[in-house]
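Trainee: For reference, TrEMBL lists these features for the protein:
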type     : residues                                                                             : note
ACT_SITE : D421                                                                                 : active site, 4-aspartylphosphate intermediate
BINDING  : D421, T423, D1002, D1006                                                             : Mg(2+) binding site
BINDING  : D421, K422, T423, E676, F718, K742, R786, T866, G867, D868, R976, K982, N1005, D1006 : ATP binding site
DOMAIN   : 51-106                                                                               : domain 'P-type ATPase N-terminal'
DOMAIN   : 1028-1273                                                                            : domain 'P-type ATPase C-terminal'
REGION   : 454-492                                                                              : region 'Disordered'
REGION   : 616-638                                                                              : region 'Disordered'
REGION   : 1297-1326                                                                            : region 'Disordered'
REGION   : 1358-1381                                                                            : region 'Disordered'
TRANSMEM : 82-101                                                                               : transmembrane segment
TRANSMEM : 107-123                                                                              : transmembrane segment
TRANSMEM : 305-325                                                                              : transmembrane segment
TRANSMEM : 345-373                                                                              : transmembrane segment
TRANSMEM : 1060-1079                                                                            : transmembrane segment
TRANSMEM : 1091-1112                                                                            : transmembrane segment
TRANSMEM : 1137-1162                                                                            : transmembrane segment
TRANSMEM : 1174-1192                                                                            : transmembrane segment
TRANSMEM : 1199-1224                                                                            : transmembrane segment
TRANSMEM : 1244-1263                                                                            : transmembrane segment
Amino acid sequence: ASGDRDDDGRCNYSSLLACGAKSSRSPRPAGRHRVVVPHLWPFRDEYEKLSGAYVNNRIRTTKYTLLNFVPRNLFEQFHRAANLYFLFLVVLNWVPLVEAFQKEITMLPLVVVLTIIAIKDGLEDYRKYKIDKQINNLVTKVYSRKEKKYIDQCWKDVTVGDFIRLSCNEVIPADMVLLFSTDPDGICHIETSGLDGESNLKQRQVVRGHAEQDSEVDPEKFSSRIECESPNNDLNRFRGFLEHSNKERVGLSKENLLLRGCTIRNTEAVVGIVVYAGHETKAMLNNSGPRYKRSKLERRANTDVLWCVLLLVIMCLTGAVGHGIWLSRYEHILFFNIPEPDGHIISPVLAGFYMFWTMIILLQVLIPISLYVSIEIVKLGQIYFIQSDVDFYNEKMDSTVQCRSLNIAEDLGQIQYLFSDKTGTLTENKMVFRRCSVAGFDYCHEENARRLESYQDDDDRADAPGGAALGGRRGSGDVRGPRQAAFSSPMETDVVPDTRLLDKFSQITPQLFTPLEETIQNPPLETLCIIDFFIALAICNTVVVSAPNQPRQKIRRPSLSGMPIRSLEEIKNLFQRLSVRRSSSPSLSSGKEPPSGVPNAFVSRLSLFSRAKLTSPVEEEGSRPSESPVGASSSVCCTETKRGNGGAGVTNGQVGPAAGQPLASSLCYEAESPDEAALVYAARAYRCTLQARTPEQVMVDFAALGPLTFQLLHILPFDSVRKRMSVVVRHPLSNQVVVYTKGADSVIMELLSAASPEEASLEKHQLTIREKTQKHLDDYAKQGLRTLCVAKKVMSDTEYAEWLRNHFLAETSIDNREELLLESAMRLENKLTLLGATGIEDRLQEGVPESIEALHKAGIKIWMLTGDKQETAINIAYACKLLEPEDKLFILNTQSKDACEMLMSTILKELQKKGQACPKQASLSVDLLQLPAPQDSELRAGLIITGKTLEFALQESLQRQFLELTSWCQAVVCCRATPLQKSEVVKLVRGHLQVMTLAIGDGANDVSMIQVADIGIGVSGQEGMQAVMASDFAVSQFRHLSKLLLVHGHWCYTRLSNMILYFFYKNVAYVNLLFWYQFFCGFSGTSMTDYWVLIFFNLLFTSAPPVIYGVLEKDVSAETLMQLPELYKNGQKSEAYLPLTFWITLLDAFYQSLVCFFVPFFTYRGSDIDIFTFGNPLNTAALFIILLHLVIESKSLTWIHMLVIVSSVVSYFLFALAFGALCVTCNPPSNPYWIMQEHMLDPVFYLVCVLTTCVALLPRFVYRVLQGSLFPSPILRAKHFDRLTPEERTEALKKWRRAGKMDQVTSKHAEPSADQTGRRPPSGPSAVFAMRAATSCAVGQGDTSVCETALDLRCSDTEASQVAGPQKTKKAGSPPSLKLK
């Protein structure tokens, strides 16, 4: 039980507002928190006082209840302007003076539409209700204060303050603070896949003070209260404290919070107390439901509906004026001007006014009410076919495309700009250790490279789901079934060591470190560097160690759990009063108590103690060998042992575990990111094996040195601001406090220690290492590898104690906490010593280059936005064909805004000089962005911009110039971009250029970009599901994007465009028949058709065919659309639905209605037939015209189309016959009796219908025939390919492409001066214009730093080609780089 309180202690019920309660006063933005007391007898009074403040654990995601369904659904439906308009007409028809129809008849269309939508909404809501009911009735163990034990209770009955006991593999029912875990270290492992899709395990810790308890927490003895922040949706933050009865406070952080929806793993049992329940849990607060976006086409249609309203007003005004004139002409003839019952005669002006409203009711069908329902049905049909496409199915992941936004499928066919993340989107996000540089020496791992090549063909087998990590078969004790540790395919885990580096490892012996205090020769610096480098790889991470064949227990040694922790308790006195836990920050967490003040002898004793104890037998699950190790693993072991120096655990040429130690290959590593996993597996390949991790220490088994136990003092986790991670440990060999840091090279290089006079020789050595490492980093990046730097720093105890004191102050502060913690991290992570660097390969996904090439041909501009360094990004851009070898490359890398502006204007001048002499456009329009193909092929440019420069380019004063520059470029690569910058770029392009944008990404850092774009696509990969949950569509691989856009996008757009136009056409054509009739009935608002026929004509007889057309129409086959991506440009330019197309459609509708009215009119003129007998041929002809018009427009007619059209005609005739026979007085005074029966015996009726239909459709038919034969569009030409045999088709495609190339050649000859302006032939190698401003310093190709001081573009392309030529042999497809000075 709990209550929201402000700082003054008064209750605040504002969090109830979401549930319908009202707050008595406005909530204060800061300082709100909640108090939680246990649901037990001693707290009964306080519990009852607070228990009303919070919701229970029952969830309800439904929108409606049985009572509010009708009113609420109607309220929502009347938010649509069209529905309001028709409601207005219904009300208007009830006014006797302007009544046009029977009251019930006007209501019918509206009632039908509202009912269809209501049924759809009701069914959707009922589905949600069933899921809610299932979740609410799940069972969990809750402590009962009556029965004094844990009893089974439904989730919905759990309340705040309840104690809950969960076992392994159970799902957490509510957000709860962890009070007990069966794990000896007080750790609980959870899997968050239910929350964010990440399958790797995360650690949570028992509240400090409770972790040391040997027995399970007894709720009856629990006397503490919890104060924490009010419910919020931040999954990475939880602040609060637990206050004991003696007023002692213990800090709480996200490490102590178990979130609803997560699953307990690798832990026998846990106990927690609920702090947030039901809709106040973080999971529910993050569940925002589906997003509503309005498509571009729908916005266009809404505009045209307004034009139709204007047209309606004009027609009604014409009727009103005509009626007034007509009445005034016959004012004194009583037969025409009947007085009111009281003898009063209405004046022609007033009668005209009334007639205006009558005409609005009569001609209401001009506004297509059924259009909106039809659009919804068609969109559902289109989504169904997209999701049913087997080409999107990914067998490995057992997933297909997900359509999360149901109303923007047609926007997929109009994309002009595509923004893509790199890692995990274009690449597989399978990080494979490739190379490393240690102490300035590069180790290329050639054997490992050869191993990776063997996986190119064997990919599917390596990644088969369900295989155990490291290839071992799962043990029978695994209750989790097929769950595999993340990032643990054999390709990632089996690293083959480099022979040169193994030779150096053989020099490492325990004897090097025995003389700790004697002045004997120190070990060589390089050897120390190697040791530190691999220790950093093994421990500078958050990897969880577990055994695959005993998943419920993690590997640990009982001997280590007792004594060190008790000793640590003894030394807490220094910081006892600062009781806030140091893992309370989302950005910098997991602090550990310092051992400052403890004599050095203690740590030596700890170190010796742990080694001595390790020789004792361990728990049985740790010593079980892996059941079936992979061949690659065993070969690695053999290599290691041959190179080894007889260290611990080597027996008969095989690596065995040290006594009582688990086999390395039996360990399972659960990493939070693939990079972390790759580095731990690389360290393991060199027998520097991460053995176990507890909150207090990390155990590493290091080759010849044997097991080492590092006391873990503090962890500063990775964040996107610092771009690095650090661990602070006490080294067991040197007994010093050591900081190991790994992170982005751009950041680490700036944090290295500066030269000091007294250590000149050492500094010189460090400088050499730095220069060599930088050169290696550049080489790695050119190969497309992801680079990381590893560094260390040794601190004295006093320095560490001083830093820790300041860090505690930062952690306990409430205001500016994140900024203070960042400053504190900066104070620790400086003056570092560089150890080395790593190169990790992230392979391109299958089919990415082909997809990007197709999307380029489709006229889509592609931008790659990545956090990786420049060289890596460029290399990947070439590998995936985003950049072509002949592209001219411009690099924007400046340190100031002025330099950025100058550089951009220089590049723009260069591009304009090289480009065709086209008039410079003053305004940035879409035309400028969509250069015709010849121009594109003639001058292809690529732009690379770094994060720092992007910051300047996004400023308001430079935005315009930046966009103009990018519009000249075929591709843009933004490297070192932050998540915020990604979304800013998308927002800028979308807002300023008014183009359709698509963003695609796979991780949480892409969410903001995905949400800002017109269409957001999430890739369901290894980075969890945050991107997918924020997206409109989700795919499992990037290559699926090409079919989704080029085929389904094109189809959805074309179908819906044509269907909307058809709806406007049929409504205008039909309504105009009534309008023309007004000229012959004194504008009296009379109809020549019975009202029932009038209503059903649009509602039934002509509504199904366009819907079927909208779902099934295929103008071109999928195969052709994939082979000819250029056809996609049709949708980009909105050719199917231009304003001109709309007006031509309306003109055609006017023409057809004139023919449809006047052919029967002149046929029956002078005869004695009544109104309805005249109206019947009009209706029948109109039906045939409207249906056959659709047949002319259809590109693919199937039996379904024909069936629906025939059904429409048959249903019309059956209704007319039945209505004429049965409904004699349905609608007095009109009398439709036997009209259709008589007409069907009259040959003239048939002649009129045939003649009218032919004359009305002739112009459109002739236009379509001429268009197809004399001036076919690319779509029509491509349609012809579908009729050819495979051989003819191949030949036709070759001709098509040859014609495209001929166009380009022609354009070249048209410009004789092109070559004189310095344009190179496309086949020649390109120079990369790495133009940097005067202030920019860049590291050159050699070992020395090149500072560029000037900017000059006089270097000709020929020179550039000569300089660049020899370099091109380095790597196929990778660009030569020439810096112009």
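Cβ atoms here come from the backbone N, Cα and C positions, even for glycine.
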Trainee: Kindly say whether the transmembrane segment (1199-1224) and the transmembrane segment (305-325) touch, using the definition of 3 or more Cβ pairs under 8 Å where each pair is 6 or more positions apart.
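Mentor: The transmembrane segment (305-325) and the transmembrane segment (1199-1224): touching, no.
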Trainee: Can you say which of 82-101, 345-373, 1137-1162 has the most Cβ pairs under 8 Å with the transmembrane segment (1091-1112)?
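Mentor: The listed stretch sharing the most Cβ pairs with the transmembrane segment (1091-1112) is 345-373.
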Trainee: Fill in the CA-CA distance, D1006 (Mg(2+) binding site) to G867 (ATP binding site), as an integer in Å.
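Mentor: Pair distance, Cα basis, whole Å: 11 Å.
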Trainee: Among all protein chains shown, how many Cβ atoms are found within 10 Å of the Cβ of G867 (ATP binding site), not counting that one?
Mentor: 22
Trainee: Of D421, D1002, which of the recorded positions has the most Cβ neighbours inside 10 Å?
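Mentor: Highest number of other Cβ atoms within 10 Å: D1002.
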Trainee: Round to a whole number and give the Cα-to-Cα distance in Å for the pair R786 (ATP binding site) and T423 (Mg(2+) binding site).
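Mentor: Answer for this pair: 10 Å between alpha carbons.
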Trainee: T423 (Mg(2+) binding site) has how many other Cβ neighbours within 10 Å of its own Cβ?
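Mentor: By my count, 26.
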Trainee: Please list, in sequence order, the residues in the chain of R976 (ATP binding site) that are at least six apart in sequence and whose C-beta is under 8 Å away from its C-beta.
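Mentor: Within the chain, R976 (ATP binding site) has Cβ neighbours under 8 Å at S746, T866, G867, D868, K869, Q870, T946, G947, K948.
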Trainee: From the Cα of N1005 (ATP binding site) across to the Cα of T423 (Mg(2+) binding site), what is the distance in angstrom?
Mentor: 11
Trainee: May I have the DSSP-based helix, strand and coil counts for the residues of the domain 'P-type ATPase N-terminal' (51-106)?
Mentor: 32 helix, 0 strand, 24 coil
Trainee: Counting every protein chain present, what is the number of Cβ atoms, excluding its own, within 10 Å of the Cβ of R786 (ATP binding site)?
Mentor: 24
Trainee: What is the number of other Cβ atoms found within 10 Å of the Cβ of D1006 (Mg(2+) binding site)?
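Mentor: For D1006 (Mg(2+) binding site), the 10 Å Cβ neighbour count is 31.
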Trainee: Around F718 (ATP binding site), how many other C-beta atoms are within 10 angstroms of its C-beta?
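Mentor: Looking across every protein chain shown, the total is 21.
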Trainee: Would you mind listing the long-range same-chain contacts of the transmembrane segment (107-123), meaning Cβ under 8 Å and 6+ residues beyond its ends?
Mentor: 63-64, 69-70, 73-74, 76-77, 83, 86-87, 90, 369-370, 372-373, 376, 1095, 1098-1099
Trainee: For ATP, with binders D421, K422, T423, E676, F718, K742, R786, T866, G867, D868, R976, K982, N1005, D1006, what's the maximum Cα separation in whole Å?
Mentor: 24
